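Visitor: The structure that follows is given in the form of structure tokens.
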């Protein structure tokens, strides 16, 4: 569901190689290939600029991700909620149906017909996506929105090292400083969360239950960090071979996850009448259904914006934008979900936000890069991707 890249950890030339290859997410055209037709009308050039604008893709991703996080938290925050696979299957079904309707209406003219060969190649990415979104909803179920968004920053560090190992990327010392601030903000957030949980209950048994709930949330959050990094890096690797447009990525992502999510829901979730009543109580049933349908439609925007950002920026930039985006998301959690407002929680949010600013500033000063401790500078990332595509 998302990725970015512009000048975070670049795919481009590996330091010292002198390569001038362009970002492989930007499709290469030979002289014999037709150029992309420009949109007709007085606004054609304007819309084309937006389509290639990193700033527009980042803004769109921010708005869609805030909406998705708030709605997801609302749906899974019920005390008896345990149908996460079903919820995600509804999201994918709504997304796929909306995409096909838009195609019939002529809104998605560039959506290619379904290709079973491409589907087979993309299916492993869909499995990684299932792991990412499922662990995300489980973490969000047990953690507050501010804590969840702060811990999401750790994904950036994992992706950064993954790009060094896989794509020959590099980061600056200031970027490493921002990573340290991200870790610090996560530690502060966890400490504040535990303190608020312990101080908010009066009996030791209740305190133990509160700590157990938080520990479960941290465990799911840890798994989500690695699942998200695996999805982002895997998507970046495969998308270069598939020649997917943004609509294609969105369509295959949602379509291929439907059978997986349905099967997992039938196998691992309780479909008894009593459990359905617990998950959908009468007093909130309609609002839950509306939220689930809305989240499916919102997932279209986040899927599209994620793929859009992957194409015009970089995967680490995409993750970093999510970090900067944490401030409004955290505030929404404080407003709508009664998350505890303490000195520690506010400090964690502030430190996390500063870490994003430090990283963004490091990108503007990225004239001298320092290779991370582990690197493979044998060839440029673009050359490697061309080699892999040729061997596929």
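Even glycines carry a Cβ here, placed using N, Cα and C.
The following feature annotations were taken from TrEMBL:
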- 1-40: region 'Disordered' (REGION)
- 81-101: transmembrane segment (TRANSMEM)
- 122-144: transmembrane segment (TRANSMEM)
- 150-168: transmembrane segment (TRANSMEM)
- 218-239: transmembrane segment (TRANSMEM)
- 251-268: transmembrane segment (TRANSMEM)
- 288-310: transmembrane segment (TRANSMEM)
- 317-337: transmembrane segment (TRANSMEM)
- 343-361: transmembrane segment (TRANSMEM)
Visitor: Look over the recorded stretches 81-101, 122-144, 150-168, 218-239, 343-361 and say which has the most C-beta pairs under 8 A to the transmembrane segment (251-268).
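Guide: Ranking 81-101, 122-144, 150-168, 218-239, 343-361 by Cβ pairs under 8 Å to the transmembrane segment (251-268) puts 81-101 first.
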Visitor: Applying the under-8 angstroms CB criterion, which one of 150-168, 218-239, 288-310, 343-361 scores highest with the transmembrane segment (81-101)?
Guide: 288-310
Visitor: Residue list, the transmembrane segment (122-144) vs rest of chain: Cβ under 8 Å, 6 or more residues beyond ends.
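Guide: Residues 1, 69, 72-73, 76-77, 81, 84-85, 87-88, 151, 193, 213-214, 216-218, 220-221, 223-224, 227-228, 230-231, 234-235, 238, 242, 252-253, 256-257, 260-261, 264, 333, 337, 339-340 contact the transmembrane segment (122-144) from elsewhere in the chain.
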